[in-house]
């Protein structure tokens, strides 16, 4: 397709370019000239992510203490604790795919309200059996963050997705930092756990109200009008038009899907999952699995290893982990300048961040003093946050936005498998040395880097994967 030579930049053109840059910074709107409602919509989703992890992190640190106070043994507490992870492993793909079929609005509302029900039941759990029952709806439907990310990928252009995802992760991380502080304070009160659970359920209801009041119809109409009027005289513009026009009409299409027979919805979900399984996305998910296990191995015996190697007390390790979490929030805010520096090449950012992560874990494993550990933890917070955002963006870029919910659900299932396997590998590696788990993590990260290098052409070309169910 031929293209005219670029005209000299006039003052008005320079001002327009400046306005475009400001729009990118204003909430990660992503679409050039998109209506103001897009920016408000995205910022409201940031608030949804913040409230979600704020409420969850209030309760989660107190759960082990509560179930033991109910008379559960360590074994029973461990089984009930693993119940959530097992249900997440199997439900994340199905719920993500379901959100592609019935639409983000209805699936997000359903997940929020059913999660609120789970935390309400947790607040009434006076026996071990009731405690276990309360974990079922949360384990199946607590996929609000994944659906929110899929919705964000529908709303913004591909080149702005890492920036928006990074800000969403940063907002969620702030909630995760503040939640335990509030939960710990409430736990000191009489019946503190029950009060904290009810407050968490109320926060989820508030989140549901926020999602319900989002301008869904205006957002769809605004995107539709904007992208219909957009020029399509080159392939890139045409692709963006098709992508956003599909997202804009998502609400109209899902009204019919919502009232389909449950059996038809299940059959559609299974077809979509089969399409992902039969596609050539295996290397993307393998990279995600290897890097997730590597990072989990790094943290698996962090406190114990520091105590054995350097005589550091657990309190100091806790401060160091909180310090890293705070830096992770900052890293999410810096993704915008980083993606512009790399000219929006997600593959290169992921490759470099993974290499940096591997190097930092190696530095930690071979550290001779605590200052080297602090140094590695400081920069590891940046590399892991950036890498986590970029792997999601690469999944959506290669896999296609039309199945973003399914892709994010499969990715979360892959991470859940890593959470199950990592403790086992860590226990075996610790039999040899306190540095065993991070040393094994270095090897897994190297394998992930080799896989990315072997598939460099596919990542750089950003070719779409043709799913068998399309």
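Just so you know, glycine gets a Cβ as well, placed from its N, Cα and C.
Listed ranges 12-32, 75-95; the one TrEMBL annotates as transmembrane segment is 75-95. Residue ranges 261-280, 281-300, 401-420 are listed, and TrEMBL annotates 281-300 among them as transmembrane segment. Feature annotation (TrEMBL): of 360-382, 429-451, the stretch labelled transmembrane segment is 360-382. Same-chain residues lying 6+ beyond the ends of the transmembrane segment (281-300) with a Cβ under 8 Å from its Cβ atoms: 321, 354, 357-358, 361, 364, 380, 384, 387, 391, 394-395, 398-399, 407, 410-411, 414-415, 417-419, 421-423, 425-426, 429, 437-438, 440-442, 444-445, 447-448, 451-452, 454-455, 458, 465. Using the rule of three or more Cβ pairs under 8 Å, pairs at least 6 apart in sequence, the transmembrane segment (193-214) is not in contact with the transmembrane segment (320-339). Counting Cβ pairs under 8 Å to the transmembrane segment (75-95), the top-ranked stretch among 45-63, 107-133, 320-339, 360-382 is 107-133.
Residues 55, 59, 66-67, 70-72, 76, 80, 83, 95, 98-99, 139-144, 147-148, 151, 194-195, 197-198, 200-202, 204-205, 207-208, 211-212, 405 of the same chain lie 6+ residues outside the transmembrane segment (107-133) yet bring a C-beta within less than 8 angstroms of a C-beta in it. For the transmembrane segment (360-382), same-chain residues at least 6 beyond its ends with a Cβ under 8 Å from one of its own Cβ atoms are 294, 298, 306, 309-310, 312, 320, 323-325, 327-328, 330-331, 334, 435, 438-439, 441-442, 445.
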